[in-house]
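Report on one structure; see the data block that follows.
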Amino acid sequence: MKKIKVKAYAKINLSLDVLGKRKDGYHEISTVMQSIDLADILEFEKSEIVKVFCSGHRVPEGEDNLIVKVINFLKEKYQIEEGVLVRLDKKIPLAAGLAGGSADAAATIVALDKLWNLNMSADEKKEIALKVGADVPFCLEGGTKLAKGIGEIFEDLNVPHMNLLLVKPDIEIFTKKIYDKWDRLNFKSHHATCSVVQAIQEGNIYKIAENIKNDLELVTSRECEVINQIKEELLKKGALGCAMSGSGPTVYGIFDDLQKLIKAYKNLEGIYSFVFFSKTIDKGLELYE
């Protein structure tokens, strides 16, 4: 096999409870993570050198790019001498709370396992994923999961189909900065995850929408006041409920009326830098050999 293509899907958080800071610097969380049909497309081809080409949204360079980080890690761990060319069609915005970098990292782990015949077990892939970033293990599997720890301990959930509208203001938010402010401001968690899980188990999108909450909104909305404005606009335009994803600044609304969603999309797409009509899906990656 000389070439492989992977679709790497974004995620949103239907809840995010921040429960405290651990000794290793990470934060203990309880969250419901959900894959959505917004995706980057990556093509991997055997080569003598390592090179990443990107179209679409700009991406970091060097080890700040999680694709490069995974490549270098695997080359060292498995003593791989050959390189790889990666062509990235970047559709998931950077620093948006949608795990775009983590999705690309997960895609790289799976693609290079096949391209370089590494024959990694599922546990080995997850172990490598966790070393790269807290959201990467989820992105390997995707779907709907209750995640605990730093986001690596999973329980599968079965969410009903939901149509979503994503809105991102023209600002980038960096996760570490938001968690650092959470610690300094000494906020307390909403503990929304239990209610969201119960609503999912009942298959009730109205209860899901009513209970979605993200603790980090308390911090990010201070940095980016337009987040509250976006939420108000989505609710006025027919969203059943809305919340910020990850550390932000992307906000999503859950809709049960497709016509209202389409109208909201048309009204907002000229105002904000990124507006995307999306839906929930049951996978994190899709491979094309």
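Note that Cβ sites are derived from N, Cα and C of the backbone, with glycine treated the same way.
Proximity of Lys11 (active site) to non-local residues of its own chain (separation of 6 or more, Cβ distance below 8 Å) is seen for Met33, Gln34, Ser35, Ile36, Leu98, Ala99, Ala103, Asp135, Phe138, Cys139, Gly142, Ser245, Gly284, given in sequence order. What Swiss-Prot records for Lys11 (among others) is active site, and it gives sequence analysis as the kind of evidence.
Taken from Swiss-Prot, the feature ATP binding site applies to Pro93, Leu94, Ala95, Ala96, Gly97, Leu98, Ala99, Gly100, Gly101, Ser102, Ala103.
Its own atom aside, the Cβ of Asp135 (active site) has 28 Cβ atoms within 10 angstroms in the protein chains shown. Under the heading active site, Swiss-Prot lists Asp135 (among others), citing sequence analysis as support.
Between the listed binding-site residues, namely Pro93, Gly97, Gly101, the fewest other CB atoms within 10 angstroms of a CB are found at Pro93. Cβ environment of Ala95 (ATP binding site): Glu172, Ile173, Phe174 lie under 8 Å away, each six or more residues apart in the same chain. Annotation note: Ala99 (ATP binding site) sits in a coil segment as assigned by DSSP.
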